[in-house]
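Read the structure below first, then the notes.
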Amino acid sequence: MDSPEYNRYLVDRSIYSEPTFEEENEKKEVVPKTLRERLQKSCSCSAKKALQITKSFFPVLDWLPKYRVKEWILNDIISGVSTGLVGTLQGLAFALLAAVPVGYGLYSSFFPILTYFIMGTSKHISVGPFPVVSLMVGSVVLSMVPDENFLITSNSTGLNKSEVNVADRDAERVLVSGTLCFLVGILQLALGALQIGFIVRYLADPLVGGFTTAAAFQVFVSQVKIVLNVPTKNYNGILSIIYTIIDIFANIGQTNIADLIAGLLTFVVCVVVKEVGDRYKHKIPVPIPIEVIVTIVATGISYGADLAGKYNAGIVKTIPSGFIPPVAPKVSLFSEMIGSAFSIGIVAYAVAVSVGKVYATKHNYAINGNQEFIAFGVSNVFSGAFSCFVATTALSRTAIQESTGGKTQVAGLISALIVLIAIVALGKLLEPLQKSVLAAIVIANLKGMFWQVLDVPRLWRQNKFDSVIWVFTCAASIILGLDLGLLAGLVFGLLTVVIRVQFPSCASLGNIPGTDIYKNIKEYKNVVEPEGVKIIRFSSPIFYGNIDGLKNCLKCAVGFDAVRVFNKRNKALRTIQKLIKKGKLKATKNGIIGETGATNESFEPDEDLEEPEDLGVPSKEVEIQMDWNSELPIKVSVPKVSIHSVIFDFGAVSFMDVVAVRSIKIIVKEFQRIDVKVFFAGQEDNTFKKMEACGFFDDTVKPDIFFLTVHDAVLFIQSQNMFRDLQDPIFEKISLMQDSKEPLEFTETEQLDNELDAQEEAMRRLAS
């Protein structure tokens, strides 16, 4: 296969324009289905279709009967136990972010898994709390249930002092977080039912990277105050993170040393062990559950040393045993939280689907985006009834579930059983645990998010717009808060798309000699532009927003403005006409010459000329030629036009609107007025149909100027020029009636001007 003859090919075919190609190749007649036929097909039912629909809503019915018990069950058990231990502790830790009692983090690590097991399409993600989403929930909870609403007056020391009624406050916060979870579930269900899974496409990777990094910073700040155990106010909204940092430094003198030491030790141990585990993961078959080990040790030390009693350390205190009964959501709060619920639901879905796709690709299966919306919607509705906060997936738990050999969601179900054991029996044993230990575990798990900052230099080298989106979203999410920051980043990202298509990419092409390949003349040394032909490639959609940018690109590419050239030529012709009428110039078959004895008078400025008079020129029709690229006998500067043909390569134009079609037609006619022919090449069928439907073709603009490829157009132009005079085709030919008393009329030109003016006016009305 390395032989030269295998690396070359020869093609012998006709030059194809669109009409000639369609003559030789008959198109298939596509008959669109009627609305009745489409409804009949979608509404028809059979046993097979009913089974397929049922399996699509409940994927467990599809994969569970195929479960290979002997091959997979041991791996799923090991994976489930490991993930369940980590999930238990992360549930407790992330509850601090959601601003609810830590026990409710266990519920949030249990209930969502049950429904996702039945309805989810990913085999590997671990469903439950995620720090970014938990923090977004916490911001809503803190804004709707601030401490100030639960102040009570206490005079136990003989002095009136305001204290927070913690029990009532926490009960209200649990109700708000459960209601928010319920509303998020409803919104996700609605989006899934409406097949809106594509919405996650607008959350580009740079946007998600900047957002999650900002969220990691906010999580870090919120946990630092717990590690230090310093009193701070609960801020929410714009600049809340700045106010929190100011509060932390203002009260840093009240740091609890016992909590600080426990937090720092926990953080260092977790980070070091995780680094060692990552470096030697090929030698360690099962990830070290360092969070579990640290928690057990820290709980034992706190209990044995009585850190809460002796050093006033902040501990978990109370973890409820068993389950609480379902609670109806507070529907009256929906209107206050619907905006935040929508952004939380989208972020939670985007995180879960992004992680799920990574592992689905790795293990060669597919996940259904719309079904994931429905699965998480049902999970959050179900969980919200049991006072949970919003669930998605955590990267660290999912990595553990997959790396320990998990094959299916059976591993997820087993992890839920481990959490269940903690809820029913082991919760009380964790009550002496310091909150600073849980906060340090959260901070240690943020390492991956903070390392995303290293993506910025790489993005800058690859695509500057993407790096700007990353930085803007990160800064906006830190300053404005996560919900407004995400919205600002999304709007900014879409704005960059508008900016990018506002200024279309335009390149001049040349031919690789001896081939039918055309490349950018600025990027390759050996490309050659065909003589007298300019080939221009447009690499973006053409629509009302970027048509002016396209015109500017076109002027730069060809080196002149067709309208200005025409106006200058028209001005020159009128000047010549006036001088001929005055007898200062003569029109002959060989061109225009000056009168004897009036050598210099014919070069008077044309703006000073008066209207032509009856000069009694002998009656004789003379056809003259003007070489516009040579020196003219009058003082009118006419731009030089060195080309006779322009080819627009539309191969990368994905769509055009009505304004674009009309503008392109005007451009074609502007070139035709100065004897530059315009051809099109490489256009898609839908682009050609759009131009046809918008009235692009008429008596002067015909379909035969459209060619299948650029090379077809070039060969056609060259074949036409072979049979023409070798003189420059830009000569302007006019007929002058020298015995006429009236000035030379340019009726055809004026008619075309009126036509173009009308088209431009119609285009402006449409654009406005």
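Counting starts with 1 at the first residue shown.
Just so you know, glycine gets a Cβ as well, placed from its N, Cα and C.
Any TrEMBL annotation is an automated prediction that lacks curation.
The annotation transmembrane segment is assigned in TrEMBL to 92-118, 125-145, 174-200, 207-228, 248-273, 333-353, 373-396, 408-430, 436-456, 468-499. The domain 'STAS' annotation in TrEMBL covers 523-717. Residues or ranges marked as compositional bias 'Acidic residues' in TrEMBL: 748-760. For 748-768, the entry in TrEMBL reads region 'Disordered'.
When each of the listed stretches 92-118, 174-200, 248-273, 333-353, 436-456 is scored by C-beta pairs under 8 angstroms to the transmembrane segment (408-430), 92-118 comes out highest. Contact between the transmembrane segment (436-456) and the transmembrane segment (174-200) does not hold: fewer than three of their C-beta pairs are under 8 Å, each pair 6 or more apart in sequence. Highlighted: of the candidate stretches 92-118, 174-200, 333-353, 373-396, 333-353 has the greatest count of Cβ pairs under 8 Å to the transmembrane segment (468-499). Contacts between the transmembrane segment (92-118) and the transmembrane segment (333-353): absent, as fewer than 3 C-beta pairs lie under 8 angstroms at sequence separation of six or more. With a threshold of 8 Å between CB atoms, the same-chain residues lying at least 6 positions outside the transmembrane segment (174-200) that come near it are 98-101, 104, 137, 140-141, 144-145, 327, 329-331, 333-334, 337-338, 340-342, 344-346, 348-350, 353-354, 368-374, 376-391. With a cut-off of 8 Å between Cβ atoms, the residues of this chain six or more beyond the transmembrane segment (373-396) that come close are 57, 86, 90, 95, 98, 100, 104-105, 107-108, 111-112, 114-116, 119-121, 125-131, 133-134, 136-137, 174-175, 177-193, 196-197, 323-324, 326-329, 344-345, 347-349, 351-352, 355-356, 445, 448.
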